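Going by TrEMBL, these are the annotated features:
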BINDING   B:His57, B:His67, B:His191, B:His209  heme b binding site
DOMAIN    B:6-228  domain 'NarG-like'
TRANSMEM  B:7-27  transmembrane segment
TRANSMEM  B:48-68  transmembrane segment
TRANSMEM  B:88-112  transmembrane segment
TRANSMEM  B:132-152  transmembrane segment
TRANSMEM  B:193-219  transmembrane segment
Amino acid sequence: MKVMAQMAMVMNLDKCIGCHTCSVTCKQAWTNRTGTEYVWFNNVETRPGQGYPRTYEDQDKWEGGWTLNKKGRLQLKAGGRLKNLLTIFASPKQPSIDEYYEPWTYDYENLTNAPLQDHVPVARPKSLLTGKDMQVGWSANWDDDLGGAPELTVHDPVLKKVSDKVKLEFEQTFMFYLPRICEHCLNPSCAASCPSGAIYKRAEDGIVLVDQDACRGWRKCVTGCPYKKVYFNHKTGKAEKCTFCFPRIEVGLPTVCSETCVGRLRYIGLVLYDADKVLAAASVTDEKDLLDAQRGVFLDPDDPQVQREAEAAGIPHDWVQAAQRSPIWALISTYEVALPLHPEYRTMPMVWYIPPLSPVVDVVQETGVDSEDASNLFAAIDTLRIPVEYLAELFAAGETAPVTAVLKRLAAMRSYMRDLNMGRPGNPRIPESVGMDEATMYEMFRLLALAKYDERYVVPAAHAEQAHGLEELATECSLDYDGGPGMGGSGPFGEGSGGNDPIAVENFHMLKQRQTTDTVAEPESRKARVNLLNWDGKSAPAGMFPPRPGPDGANLREPEGDDSAALVQPLPAGGSVPGPAGTGTEPVARTDEDPTTGGRP
Amino acid sequence: MTTTADTLLWVVIPYVCLAFFVLGHAWRYRYDKFGWTTRSSQLYERRLLRWASPLFHFGILAVFLGHVMGLGIPKAWTEAVGMSEELYHVLAVSIGAVAGFSTVVGLVLLIYRRRTVGPVFRATTRMDKVMYLVLAVVIFLGMWNTVAGSVLNLGGHYDYRDGVSVWFRGIFRFDLHPELMADAPLGFQLHGMAAMLLFALWPFTRLVHVFSAPVGYLWRPYVVYRSRSDRLGARQARPGWERVERKEPSRR
């Protein structure tokens, strides 16, 4: 037994309202740079739908993840090592920008600078790739809320797997949202595809990261990841992916997407697993056994033997305690209501989902029957082929039994809690019918419905004795690094060349650039855009308002570029004074309980 | 008879260029690991790249091996294993022609793509343009030498294995004979000089990705684990302030 700790996430899909707040805050924190315009470490997809990038789940087409070869051994679906190297000059299965979308901005300047005319001036869309006018025809959420469903949704690869009958019934529509981040897999196929060995899994917490100094831009990871959650930064020529907000996790804070989640549907915690069992579990012959195999890899943190082995493996005691309190362990193994996304990719993903009961409840409700009644819901779960089959394709390799079991537990909880909320005694037969007792069911209800910040996010901080070595801790001045704070432009070999800047410094300069420029999209120049999402209300970015005539009638047009920096007081991201970590990405204190005060002066 | 001009052209300049090549790479690797990448543009366009890039890259790899053969291996060695002059010539010209042809076709397609596909052209740096120019000149001159010299036999027969190759191997023995190059046909002289210029530019262009050819991928374990504790952050230590007791940075 080799015990390892893994930072993992569970999302409760019944609670997702598709507001995209997680995507936006993630983007502001991590990918608001040129080269990453199309990059969404976190995105929210409407299901059924094509997903992002389009039809990424069609592994016959994109060949992501793992497969079993003729000998029954685990192999990358895109081919063996030699084939991987021989196709390095033109990666045959890599999605091009069309499968994502061509990023654009608008010519906002025209709104204020256009001469007096009969017609209202318009802000034309400008491509961020070519700088030319463009027709916007697709984006990350073009089919949001089933928009354009008759033409677009039929291309959903998951829907195609479900039979024709279901397709027709689907006309009566169901939908739910699927927020996605990198899965930080136990058996990451992106890392296995990387020719340079630049993608690694951190031994302490299992977070999968790209070493930006070692990445050589072979872009094999993009093909290798079946979830298409490794992106190619087209300006720097390096792969980038979700970092699980490691600078925050290291100091005990949840990820930005979790912190800002309006529906509070995300849970973060540790799981302990047996690294020796991972390969065998990923190589199970029958895809339908993969779910159980993956569950079998996790170790019970309350088991004294596991604790001893964990200690022997160098896992700190407080981490084992955190694993015991972990909501992830509870949802996956105690209550068994969380399921992995596409276990058939054999990557052993570590972001799990509680499948939504709401599509079933909606159907029952429409028929006019009591949708809180356990027997009605059970009957509906058993008879409704949709959406159960659809959910099974997402979360259980097409096997409906595990999905049905989860939905029944959720239905039972709904029904059982109705009695309690109405002041009636709880009906013990309801929990029994799904194999739980009343106390466990109530505990599950507490975790799913009431859990506060510190119960949803059990993130043990990295250890203080490592602090100086950690990425973003302010044990030294954040400007005190090789090259000094005078950065912000491009090196001689293209954008971003000439050394890696600390995230805090990079964000600081980018914010300053955004606030002090007013030119139209110029992908070549980094002082490119007025980004109102990042405007803190304290200063006026140049270009936001038309120039005011001066006292002598002179037009006090702000000079462009760096000169204007003197006119505007730059502020760190979010308008807050940099905290001790100084990353500029962390919110003001813990804004969870009162989100309205976040970032306000 | 060696003149000052010959010494300058075929001793001084080559060594200066190669010094740029070696020291430049060391400097670039030290200060710009982040910029050390292929700068792939496949995301923008893949239809043309799909053909052009493998054609060029496999072609240039074969051309490189051909140069190792022609420049690196003395004539006496091939004769010692019983390879006649005619056989060598036929092999070199036939294989070289195929490799050269695919290289040239690939390069032309790649340059065409770079100029005509909007996003690709915008992503082209000034250094890229200089590099493309010099690389194209070197390749076309080399192709010209093969076609004009060896196939069409323009300007009489010239056996580079008695001239250019001997001079080239002298570089590594620090025993240069500039008169060998001075006597070579103009095509060979220009090709050699352009190549030296390319070597001098090499470390400052995207060509550095040649030296990250990921051959180690064939043997390393699929999934790489790294421990946080033996990594001291994204921040590089300032020169002169590196930690002395630093462990091995990774287990790649």
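Backbone N, Cα and C define each Cβ position, glycine as well.
Annotated features, which come from TrEMBL, shown on the structure.
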residue: B:His57; record: heme b binding site; contacts (Cβ under 8 Å, 6+ apart): B:Gly106
residue: B:His67; record: heme b binding site; contacts (Cβ under 8 Å, 6+ apart): none
residue: B:His191; record: heme b binding site; contacts (Cβ under 8 Å, 6+ apart): B:Val138, B:Leu141, B:Gly142, B:Trp144, B:Asn145
residue: B:His209; record: heme b binding site; contacts (Cβ under 8 Å, 6+ apart): B:Trp36, B:Thr37, B:Thr38, B:Arg39
Legend entry - Highest-contact recorded stretch vs the transmembrane segment (B:193-219), from B:7-27, B:48-68, B:88-112, CB pairs under 8 Å: B:7-27
Legend entry - Rounded mean pLDDT for the residues that make up the domain 'NarG-like' (B:6-228): 89
Inset, instruction - Write out which of the listed binding-site residues, namely B:His57, B:His67, B:His191, B:His209, lie with a C-beta under 8 A from a C-beta of chain A, sequence order kept, or 'none'. - result: B:His57, B:His209
Inset, instruction - Using only the Cα atoms of B:His57, B:His67, B:His191, B:His209, which the record gives as binding heme b, return the largest interatomic distance in Å, rounded to a whole number. - result: 23
